[in-house]
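These features come from Swiss-Prot:
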type     : residues                  : note
REGION   : 118-325                   : region 'Disordered'
COMPBIAS : 150-173                   : compositional bias 'Pro residues'
COMPBIAS : 192-201                   : compositional bias 'Pro residues'
COMPBIAS : 202-212                   : compositional bias 'Low complexity'
COMPBIAS : 229-295                   : compositional bias 'Gly residues'
COMPBIAS : 299-308                   : compositional bias 'Basic residues'
DOMAIN   : 420-591                   : domain 'tr-type G'
REGION   : 429-436                   : region 'G1'
BINDING  : 429-436, 479-483, 533-536 : GTP binding site
REGION   : 454-458                   : region 'G2'
REGION   : 479-482                   : region 'G3'
REGION   : 533-536                   : region 'G4'
Amino acid sequence: MAGKARVHELAKELGVTSKEVLARLNEQGEFVKSASSTVEAPVARRLRESFGGIKPAADKGAEQVATKAQAKRLGESLDQTLDRALDKAVAGNGATTAAPVQVDHSAAVVPIVAGEGPSTAHREELAPPAGQPSEQPGVPLPGQQGTPAAPHPGHPGMPTGPHPGPAPKPGGRPPRVGNNPFSSAQSVARPIPRPPAPRPSASPSSMSPRPGGAVGGGGPRPPRTGVPRPGGGRPGAPVGGRSDAGGGNYRGGGVGALPGGGSGGFRGRPGGGGHGGGGRPGQRGGAAGAFGRPGGAPRRGRKSKRQKRQEYDSMQAPVVGGVRLPHGNGETIRLARGASLSDFAEKIDANPAALVQALFNLGEMVTATQSVGDETLELLGSEMNYNVQVVSPEDEDRELLEPFDLTYGEDQGDEDELQVRPPVVTVMGHVDHGKTRLLDTIRKANVREAEAGGITQHIGAYQVGVDLDGSERLITFIDTPGHEAFTAMRARGAKATDIAILVVAADDGVMPQTVEAINHAQAADVPIVVAVNKIDKEGADPAKIRGQLTEYGLVAEDFGGDTMFIDISAKVGTNIEALLEAVLLTADAALDLRANSGMEAQGVAIEAHLDRGRGPVATVLVQRGTLRIGDSVVAGDAYGRVRRMVDEHGVDIEAALPSSPVQVIGFTSVPGAGDNFLVVDEDRIARQIADRRSARKRNALAARSRKRISLEDLDSALKETSQLNLILKGDNAGTVEALEEALMGIQVDDEVALRVIDRGVGGITETNVNLASASDAIIIGFNVRAEGKATELASREGVEIRYYLVIYQAIDDIEKALRGMLKPIYEENQLGRAEIRALFRSSKVGIIAGCIISSGVVRRNAKVRLLRDNIVVTDNLTVTSLRREKDDVTEVREGFECGMTLGYSDIKEGDVIESYELVEKQRA
């Protein structure tokens with residue numbers, strides 16, 4: 001192969017895969033990128049030598065290789081095999097009779113080839129003069145003796161060509177007539193029939209019979225020695241003598257062609273040849289074939305298994321929204337919450353544009369990089385036969401920590417390293433049932449008075465000592481809000497607890513938040529101890545409470561159940577010690593409360609807020625390990641180093657053991673309430689984990705807050721809609737979260753929308769005011785105030801700031817504001833009817849209708865509609881003028897005649913004018 005060659009061409013030539021060729025080139029120090037790259041001629045030569053000295057098809061004697069395979073497969077001699085193949089080809093073309101063909105005698109006699117021959121110009125250049133001897137002595141084939149050959153009939157004493165024809169069959173077979181591929185008078189594609197009789201020997205200017213096919217010739221095949229010369233064969237030679245078998249990259253009729261094959265083409269052009277030159281017997285050869293294969297091949301190559309598989313998969317692919325998408329085998333695809341179509345396409349090896357088009361046709365308009373909701377991903381996956389699993393936050397966080405070799409939620413070490421820890425108890429129940437009063441009594445502190453409106457709006461964590469059987473035991477209490485707006489905070493408290501105390505007022509009974517607290521505790525598989533409070537009040541009925549709670553699976557021990565009921569009075573202090581003993585007994589009997597205090601600390605952030613002097617402050621509950629000063633800690637998307645720890649009494653501590661609630665100072669930002677925290681080796685790891693969690697949270701928020709618009713609703717979505725933008729600021733993260741969820745749960749109407757554009761912990765700053773001014777938002781401050789400059793800026797910009805101390809007041813005000821933004825609803829109120837009796841035309845005012853009021857009243861400037869035969873002719877007309885007896889009047893009542901103009905000309909006698917007014921209706 002002259003010049004450069006591509007890797008995949010060399011692979012086909014050598015009969016190996018492209019990967020093997022690339023690997024061999026890399027071993028030789030030739031770094032090639034891909035199978036389509038080219039290599040220089042010396043590199044290609046070394047590559048062929050490295051594969052056992054394999055050479056191109058023309059150089060290694062393609063005829064010899066093909067003849068070996070055919071002789072071995074059929075068990076016949078070479079001559080019989082070639083004769084049978086040629087006979088079959090001639091018979092298949094219907095050549096039953098043979099006749100001599102007149103051709104141009106100025107050129108050599110060469111049989112035709114089924115494929116296309118070289119151009120006439122190149123043929124004339126490559127055709128050597130007649131009578132020039134060939135410089136390529138023959139090479140003996142296997143199984144044949146190298147006896148000297150007889151002189152050529154037309155050239156005595158001249159050695160034979162490089163490709164002699166087969167010996168005639170016994171009895172003397174007449175020679176076949178070849179055809180000149182350089183002759184324009186002979187069609188290249190038409191086969192030549194066999195002549196019935198041998199032709200006499202030809203002169204250099206005449207046609208010559210096939211070598212070995214002379215009259216009476218029956219001698220052995222001449223031997224072949226040496227290598228063929230690179231030039232073309234002499235005229236009259238049975239084959240072309242190009243050593244590269246038809247050029248650089250094509251397979252022609254050079255060495256390896258059947259007798260009668262034409263010479264090879266010029267620099268890559270296919271040479272002429274006989275039928276199926278070098279291929280299987282009876283197969284029609286083509287002009288060009290695959291590399292490394294001798295002779296011609298069928299024009300249309302066979303498809304590889306990979307191509308067939310791709311075509312089959314394409315036909316079997318499902319059609320979703322008019323787009324053909326990949327078809328899965330039911331495999332599970334795991335996607336993070338808030339994933340995009342690009343993420344999904346990468347998992348299934350699909351084109352993201354196809355997924356976008358499919359969703360668009362289904363009425364869902366998303367981009368390839370936009371976060372998509374869980375339901376959309378699952379629906380799209382089911383249509384494509386994929387089981388899409390949206391990873392839960394816990395599993396997602398576990399996968400996030402795996403690259404850092406970190407785990408959360410498991411105690412490390414052996415059993416002997418586990419130590420008994422205090423139980424964590426959550427006080428739950430309906431609002432105003434006495435939860436905080438009970439905790440006050442236990443702590444001997446007045447916490448309730450500090451809460452606005454007497455309603456707990458934070459999660460408080462405290463640890464108290466209890467004297468049980470002469471030994472002091474510690475119990476950690478978590479106080480959760482009971483208001484309906486704090487559902488998430490109650491659920492968070494249930495997940496972080498060991499035992500739940502359900503406080504139910506004896507005079508009030510089971511309420512909605514009581515049932516919700518039961519559901520949270522049962523969902524978290526937490527044992528429940530029921531405290532029936534306010535037994536000192538009139539109308540208290542503890543037995544009624546026991547009966548009501550039986551419906552929810554809480555059966556008292558008195559009724560044969562396993563739930564402990566304690567009748568208490570938090571105000572007086574009745575049976576408080578019995579309640580604490582019940583908690584400890586339940587913990588000892590039903591739970592194995594042990595933890596490893598020697599490992600790095602892990603736990604949960606109960607509450608967090610932004611302090612003016614201390615910065616972000618987080619109340620954390622250590623669940624396992626020991627938290628120490630100087631530890632690098634990460635909680636949610638916040639990270640930092642522990643600079644200070646304070647217990648519930650405000651005392652600085654150096655270390656916090658399991659089940660200890662402490663305030664941690666040192667975070668770079670405010671953690672979210674309920675975020676898991678853990679200690680890592682260095683600040684760099686903490687920052688990387690926090691950044692990844694922050695990105696994950698943004699994607700999930702974008703997927704949840706994105707408003708879906710279908711094609712059917714596109715027109716209405718483009719219309720102007722009312723939207724109330726809010727900025728929420730609070731004193732701690734839990735309160736802000738609860739306020740946002742409560743506000744987003746307000747159901748008013750589809751015409752108005754509520755959008756929280758920003759939220760944060762701490763006072764209202766100038767940045768908040770600037771954002772509110774740019775987005776026409778209202779700032780809601782919960783237990784926080786605005787700074788002096790922020791107040792002045794808000795006054796100048798006209799930004800409204802609303803302050804609240806009780807959460808339900810904020811909810812009520814926002815709901816009223818949303819209802820005020822609704823478009824008014826108008827109700828039609830019928831005023832009267834007038835019948836047109838006569839028409840008068842005026843050049844000044846147009847047509848005047850002379851009417852009589854048949855019912856009700858007709859007022860000037862009132863809305864009217866024109867009826868003809870009880871069919872509305874036109875609507876939304878206005879009484880522009882109203883007169884009675886030449887006097888302008890404001891209204892005319894029933895039974896009186898009047899004249900009026902409507903600004904409408906299509907009026908006839910007998911028409912009816914119906915007067916009405918639109919009255920705004922109060923929304924429900």
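In case you wondered, yes, glycine gets a Cβ from its N, Cα and C as well.
On the structure: features taken from Swiss-Prot.
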residue	record	DSSP (3 states)
Gly429	GTP binding site	strand
Lys435	GTP binding site	helix
Ile535	GTP binding site	coil
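Same-chain neighbours of the region 'G4' (533-536): 433-434, 437-438, 503-508, 542, 567-572, 574, counting only residues six or more beyond its ends whose CB sits under 8 Å from a CB of the stretch. Long-range neighbours of Ile535 (GTP binding site) (same chain, six or more residues apart, CB within less than 8 Å of its CB): Ala506, Pro542, Asp567, Ile568, Ser569, Thr574. Note on Gly429 (GTP binding site): other Cβ atoms within 10 Å of its Cβ, all shown chains, come to 28.
Model confidence over the region 'G4' (533-536) is summarised by a mean pLDDT of 88. Here the Cβ of Asp432 (GTP binding site) has 18 other Cβ atoms within 10 Å, regardless of which shown protein chain they belong to.
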